[in-house]
Amino acid sequence: MFALSASLLVKEYAVYAKHSGIPEIKTVLGGFIIRRFLGLWTLITKSLGLVLAVASGMWLGKEGPLVHVACCCANLFIKLFPSINNNEARKREVLSAAAASGISVAFGSPIGGVLFSLEQLSYYFPDKTMWQSFVCAMTAAMVLEAFDPFRSGKLVMYQVTYSSVWHGFELVPFVLLGLLGGVYGGLFIKANMWVARWRKSATWLPGPVIQVVAVAILTALLNYPNNYMRAQCSDLVSNLFSECSKLTDDQFGLCKTGAASAGTIILLIFAAVLGFFLAAITFGLQIPAGIILPSMAIGALVGRAIGIIMEIWQHNHPNFIAFRSCEPDVPCITPGTYAIIGAAAALGGVTRMTVSIVVIMFELTGALTYVLPIMVAVMISKWVGDAFSRRGIYESWIHFNEYPYLDNSEEIPIPDIPASQIMTRIEDLVVLTATGHTIASLTAVMEQHPYRGFPVVSDPRDAILLGYISRAELAYILHASTQPPRLLPPETEAFFAHQPLADPRTTLDLRQWMDQTPLTLPRGSRLHLAVSYFQKLGLRYVMFVDRGVLQGLLTKKDVWYVLNGAEETRRTAGRGEPMGGGVAREGGDGEREGLLGVGRGEEEVEVVSPIGDGGSNLL
């Protein structure tokens with residue numbers, strides 16, 4: 001019932017409340033606007049849906065979605081400040097700080113939140129933004145501490161402290177945990193993306209709500225027989241992390257006499273395998289769901305199992321050469337520390353983060369002595385995961401959804417070709433001339449072509465570039481000019497260049513609504529330079545000129561397709577246009593298909609539009 005309610009909330013009120021939201025936040029911070037993704041209804045639906053989804057007992061987490069919730073709160077709050085709300089760059093700085101506060105309250109880790117925003121989310125993170133994120137994350141943690149939600153003095157349920165130290169021989173199992181974490185991350189991403197592609201292509205599958213209910217029933221049937229899977233993920237992780245000498249409520253019997261046995265190890269490994277399967281089919285359903293906590297739980301289960309194996313080995317063979325450094329009458333092996341390191345390795349394998357995971361784990365445990373083992377495990381996990389694929393789980397979902405996100409942090413192989421080879425040439429562009437228009441003819445052009453903006457040239461023969469006008473600006477001024485007080489008739493002359501004899505009362509001058517200095521590059525520029533423009537400046541389009549004459553236009557989506565090798569996808573995206581002929585014009589049907597999945601069982605909503613509905617190309 002909880003899972004069904006959460007899914008219905010998402011379906012009826014805010015389709016963007018599903019999933020974790022982090023892939024979309026990365027795309028927004030990279031320079032795009034996703035309409036209604038950070039709106040009030042999305043915030044309400046995500047908040048209620050997340051409570052229901054977590055309570056349902058499915059294998060999902062709340063930590064990732066809390067970042068989305070924090071960004072929704074920030075987006076609503078900055079509407080009170082027009083100076084920020086009307087500035088896309090300032091807005092993204094605020095969203096970066098909000099994301100840091102989301103992780104801060106999810107893990108009780110303010111510094112980890114700042115590093116998470118820097119390492120995983122933010123496209124542009126200057127020193128000023130880091131300071132703002134630090135203050136925001138610290139304030140969030142202080143407020144949470146004041147509320148004391150668990151009545152235990154802890155910021156999160158699985159916050160633990162360790163008094164034991166580690167020994168040199170334990171680096172071998174720690175390295176093994178790093179290897180297993182990387183293998184888990186690589187296999188999980190492949191499995192999860194395979195399930196996502198299968199859901200997208202299988203037309204016989206029921207609707208998204210029925211899928212959620214079916215997975216919830218399957219989760220209940222598989223969880224109940226295994227004592228470790230029956231409880232909430234946060235309770236499970238808390239017990240797996242705990243040191244036996246400090247555990248007051250041994251809910252799972254991990255610390256009772258005789259618990260260190262082969263039966264316990266088998267149950268832990270079995271729970272981890274089933275958790276892997278359930279998390280792979282749950283992450284991607286139409287329900288608020290994160291992957292951070294399930295990954296930590298799976299890694300902690302395997303880590304605890306290896307810790308128990310080491311404990312049994314040391315107990316049965318105390319004179320083995322590796323165990324001679326152990327002190328007598330003091331527990332030499334602490335299985336809880338293996339769970340912490342296993343959780344960090346699994347999380348690193350899935351998300352490919354490094355520094356922020358180490359700091360989050362340190363802030364969760366307060367064990368400075370375990371920073372080095374966690375660093376070793378996370379580093380090895382990342383190396384092994386990168387051997388499977390360079391993309392983490394969030395980048396994989398960005399690629400799957402075909403969001404136009406150009407990652408400026410990794411070395412993308414860029415073909416050494418002129419940008420003119422992939423741009424939309426002027427012969428295939430819909431351009432507006434400086435004169436010869438009426439309000440009616442411009443309205444007809446917009447009705448006929450769904451593109452998000454139009455280059456403006458002097459005349460068809462010379463094609464001197466005068467500027468660029470976005471669809472939103474043009475639609476607004478055309479509509480406003482036909483309303484009081486101007487009430488211009490549809491046959492009114494409209495122009496984009498200075499007309500000395502025109503009567504301003506009976507004509508429409510569109511120059512002030514046009515970007516008269518759009519960013520341009522010479523026709524012969526290499527693709528590498530154009531990609532740098534898109535990555536460093538957050539552009540959504542750039543035009544190519546030759547001595548002032550317009551030659552063509554290149555959009556962010558064009559570049560995304562080329563760098564991700566998706567030419568076939570673009571050819572068959574449903575536009576029916578030849579390559580080079582308007583293939584990447586913004587706002588066409590192909591954009592909706594690529595970004596929304598219309599026609600595959602999901603309801604259509606108004607979604608992605610590039611920055612610049614207000615006329616701006618730059619962040």
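Quick reminder: no glycine exception, Cβ is built from N, Cα and C everywhere.
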291-310, 531-550 - the one TrEMBL records as transmembrane segment: 291-310
Helix-strand-coil residue split for the domain 'CBS' (423-491), DSSP-based: 24 helix, 18 strand, 27 coil
Criterion met for the transmembrane segment (94-118) and the transmembrane segment (357-381) (at least three Cβ pairs under 8 Å): yes
Distal contacts, the transmembrane segment (38-60) - CB-CB under 8 A, six or more residues away: 2-3, 5-7, 9-10, 13-14, 16-17, 21, 28, 66, 68-69, 71-76, 95, 215-216, 219-220, 223, 232-233, 275, 278-279, 282-283, 287-291, 293-294, 297
Same-chain residues at least 6 beyond the ends of the transmembrane segment (265-285) whose Cβ lies under 8 Å from its Cβ atoms: 7, 18-20, 58-60, 184, 187-188, 191-192, 195-196, 199, 208, 211-212, 215, 218-219, 222-223, 226-229, 291, 294-295, 297-298, 301-302, 304-305, 308-309, 393, 397
Spatial neighbours of the transmembrane segment (201-222) far in sequence, C-beta under 8 Å, 6+ residues away: 2-4, 6-8, 11, 56-59, 229, 274, 277-278, 281-282, 285-287, 601-602
Same-chain residues at least 6 beyond the ends of the transmembrane segment (357-381) whose Cβ lies under 8 Å from its Cβ atoms: 103, 107-112, 115-116, 156, 158-162, 165-166, 170-171, 174-175, 177-179, 181-182, 185, 241, 337, 340-349, 351
